[in-house]
Amino acid sequence: MKTDTPSLETPQAARLRRRQLIRQLLERDKTPLAILFMAAVVGTLVGLAAVAFDKGVAWLQNQRMGALVHTADNYPLLLTVAFLCSAVLAMFGYFLVRKYAPEAGGSGIPEIEGALEDQRPVRWWRVLPVKFFGGLGTLGGGMVLGREGPTVQIGGNIGRMVLDVFRLKGDEARHTLLATGAAAGLAAAFNAPLAGILFIIEEMRPQFRYTLISIKAVFIGVIMSTIMYRIFNHEVALIDVGKLSDAPLNTLWLYLILGIIFGIFGPIFNKWVLGMQDLLHRVHGGNITKWVLMGGAIGGLCGLLGFVAPATSGGGFNLIPIATAGNFSMGMLVFIFVARVITTLLCFSSGAPGGIFAPMLALGTVLGTAFGMVAVELFPQYHLEAGTFAIAGMGALLAASIRAPLTGIILVLEMTDNYQLILPMIITGLGATLLAQFTGGKPLYSAILARTLAKQEAEQLARSKAASASENT
């Protein structure tokens, strides 16, 4: 009978297989792992930068208000100091932008979208200091701007900086870290990690490349930036409006009407922003002196309003809980809404370094509160609470303007910790977005990016013509 004998090649084959596995592991592309590690670095740096920016703005605002205390006995002097303090801070921000990094002006979010499409440069070595300190000047001066624009652009530029410092190669790494930094910036600005993720996936959906690595990187970056924020600011809702009552099912149709109102107003607001940009550009004509002086005048006006009518100035985070609590009359709400529409248009359209998320959240809250007060009077049988309409309206203008309803809904839920209102918020946001799309017009950031690219193309064409003319001569 034939017996099986152990093969002498078996141990050799096993060793050969082990060597091949080790060789394959060593030769495997480490880029995905490196990207994920760098995403954690980007998120950490963005979170620290956002905290520093937030603390810097708060410190400047406190110093500015403290300077007014010393002139409280002399009203004319008080108004003069209020104007000058804000004007000087604003002029500082405008000057930095115009002189050293024009792409740091405005929100900065369209710049990141353009960079993701390979249509706008990312010069982090000059944008980072200009956006940071310029934003400190404009927001610290009390202008009607949000901090999310600076933190998103700072975040995207930090992503590119990390890419360059660690010399990662490839389009995937560049694109992923840029998007990761932007998402981390929004998350740290509002203590809203899920909104930061949705912002990239929804608002930047035409530019964002959906790959397994990019999604993981965005998650990691957002987690790290939020951890950094909460280490210094604790785990609390950014806006404390208390726990509001849920909306009964038989009242949900009212939230659809509210969404329709925002769906009409959103595209109109976008047109006003673009029209104000054209108007203010005609005022300064590209001249740096005129532009800085114009910015100083707008900043000084916001400083005066911050003293005379505080609800009409600043980003709006202090206004939201007061309006939601029903502490304003209908007439006062109308005044605040009209005044803040004007100041928002002036500040944002002038090219000041600052965002428009926070001002739009405040406008949505005021309009939602006014609608809620009317509904309470017209339908007493429903036992309505005006504050629920304020929360629903907070993200509706954002949804109608930038066409990102999910981002607006989740952002407000994370900021206010009122998750029981998710259904009326979905109805309001969906109604606003659908009607805004039906009425036409581009989302705000897309329209601003299109203008920037058209201007860039015109400048490149002018330079090429000038170069051709010089060669011919």
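Just so you know, glycine gets a Cβ as well, placed from its N, Cα and C.
Chloride binds I356, F357, Y445 as Swiss-Prot records it, and from the list S107, S214 the residue named for this site is S107. Both E202 and A247 carry topological domain labels in Swiss-Prot, but the labels differ, so the record puts them on opposite sides of the membrane. Every protein chain considered, the tally of other Cβ atoms within 10 Å of the Cβ of S107 (chloride binding site) stands at 24. For the transmembrane segment (77-100), same-chain residues at least 6 beyond its ends with a Cβ under 8 Å from one of its own Cβ atoms are 60, 64, 67-68, 71, 126, 130, 133-138, 140-143, 288, 291-304, 306-307, 350-353.
By neighbour count, meaning other C-beta atoms within 10 Å, the densest spot among the binding-site residues F357, Y445 is F357.
Comparison of 33-69, 124-141, 330-349, 355-376 by number of C-beta pairs under 8 angstroms to the transmembrane segment (148-166) places 33-69 first. Of the candidate ranges 124-141, 215-232, 330-349, 422-438, 330-349 contributes the most Cβ pairs within a distance under 8 Å of the transmembrane segment (355-376). Long-range Cβ contacts of the transmembrane segment (422-438) within its own chain (Cβ-Cβ under 8 Å, at least 6 residues beyond either end) map to 247, 252, 255-260, 262-264, 266-267, 388, 391-393, 395-397, 399-401, 403, 405-406, 408-409, 412-413.
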